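Colleague: Below are the C-alpha cells for one structure; questions will follow.
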Amino acid sequence: MNKIPTLTTADGLTLPSVGFGTYKLNGAVGVNAITKALSNGYHLLDTAFNYENEGTVGEAIRRSDVPREKIIVSSKLPGRHHKYNEALTTIQESLYRAGLDYYDMYLIHWPNPKENHYVEAWQALITAQKWGLVRSIGVSNFLPEHIDRLVKETGVSPVVNQIELHPYFSEKQLRAYDEKHNIITMAWSPIGRASSMLKDPVIKKIADHKGLSTSRVILRWETQLGVIPIPKSSKSFRQVENLDLFDFKLSDEEMQTITNLDKPDGRLNNQDPAKYEEF
Ligand SMILES: NC(=O)C1=CN([C@@H]2O[C@H](COP(=O)(O)OP(=O)(O)OC[C@H]3O[C@@H](n4cnc5c(N)ncnc54)[C@H](OP(=O)(O)O)[C@@H]3O)[C@@H](O)[C@H]2O)C=CC1
Ligand SMILES: O=C(O)C(=O)[C@@H](O)[C@H](O)C(=O)CO
C-alpha cells in the first residue's frame, strides 16, 4: 500500500488524509477493531463523548504497537454541555474516559443554534487548548453563519470542520467556504453508511472500468477534493481496502461525474445543522 499523504492545519497539526471513524465500535469488539485499524495504518481516530467509546479508543491505543505521539486522537463535545464551565469539565471527563493526557483535536459536535450556546462552548475549547488539554480545536456540522460568529466573537477560527459529505451530498459551497478560511473539511459517513450509494450505477461504472470497488472510488474522490474522509469498519479487510487509495487517480471527468450525483436532499438522515439539534 502506498504511503498516506498528509494535510496540515492552520495551526500546524499534521493530519493523515484518511482517518478512522469509530461510531458504534464499543467494548472489547471495538478495542479489537480499533487496534487492528491502527496496525492497518490508520493514524487518525475519530471519537465523541456521545459515542460512549472514548474508553474503548484509549484502550486500543494502549494495546497498539503504534506510539501515542504518532496518533491523532479527536473527540467531540456534546450539545448538552455547551455552557462554558460544563464544557471544560466535559473535556476533562473525556480525557479521563480515554485515559489520555491530551486530545490532538477536539470539536464541538453540533452547533445546536436554537440552544445558542455554541460560542460559550468555543470559548471553553479555546481555554482547554491554552491549558494543554487539546492541541487543536475545531467544529463539526457548522455552517458558515456559525463559524463567522465564532470568529467575530472570539477572534479564533476553527482549523477543522467535520461535516456530512459523500457523493449524494458533496457540500460544494461549504467546502469552498472552509477552503477560503483555511479550515480543513473532514467527511463523516463518507461512504454513506454502506447504503445503496455503494451500488450506484454511475460510480460502479467508473469502479468497474478501473477494476476497483465503489467504496475505494468514493473515498478517492473525497481525498482528491481535498477532504479527509473518516470511514468506519469493524472488518480488517475493509479497513485495508478503505485506506488503499493512493496508487490510482480519478480523471477530472470522473471527479466531475461523481460530483454531479449531488442532490439537494442528499443527506442520509435529513440532519440539517440549521435546524437539527443533538444533545
Ligand atoms: N460529526 C458527526 O456528526 C458525525 C461523525 N461521524 C463519524 O464518521 C465516521 C464514519 O461515518 P459512519 O456513519 O460510521 O459511516 P461510513 O460511511 O463510514 O460507513 C460505515 C458502514 O460501512 C460499512 N463499510 C465500511 N467499509 C466498507 C466497504 N469497503 N465496503 C462495504 N461496506 C463497508 C461498515 O460496515 P462494517 O463495520 O461491517 O465494515 C459500516 O456499516 C463515524 O464512525 C464517526 O466517527 C458519523 C456521523 C456523524
Ligand atoms: O455519529 C455522530 O457523530 C452523530 O452525530 C450521530 O448521532 C449521527 O448523527 C446519528 O447517527 C444520528 O442518528
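Cβ coordinates are placed from backbone N, Cα and C, and glycine is handled just like the others.
Annotation comment: TrEMBL describes 19-262 as domain 'NADP-dependent oxidoreductase'. Among the features that TrEMBL reports, active site, proton donor is placed at Tyr51. Marked as site 'Lowers pKa of active site Tyr' by TrEMBL: Lys76. Summarising the annotation, TrEMBL assigns substrate binding site to His109. Summarising the annotation, TrEMBL assigns region 'Disordered' to 260-279.
Give me the lay of the land around each of these features.
Modeller: Confidence across the domain 'NADP-dependent oxidoreductase' (19-262), taken as the mean pLDDT and rounded to a whole number, stands at 98.
DSSP assigns Tyr51 (active site, proton donor) to a helical segment in the three-state reduction. Around the Cβ of Tyr51 (active site, proton donor), the number of neighbouring Cβ atoms within 10 Å comes to 21.
Under a cutoff of 8 A between CB atoms, and with a sequence separation of 6+ in the same chain, the neighbours of Lys76 (site 'Lowers pKa of active site Tyr') are Thr47, Ala48, Phe49, Asn50, Tyr106, Leu107, Ile108, His109, Ser140.
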Colleague: In three-state terms from DSSP, label Lys76 (site 'Lowers pKa of active site Tyr') for me.
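Modeller: Note: Lys76 (site 'Lowers pKa of active site Tyr') is in a strand by DSSP.
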Colleague: Would you count the other C-beta atoms found within 10 angstroms of the C-beta of His109 (substrate binding site) for me?
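Modeller: Summing over all protein chains shown, His109 (substrate binding site) has 23 other Cβ atoms within 10 Å.
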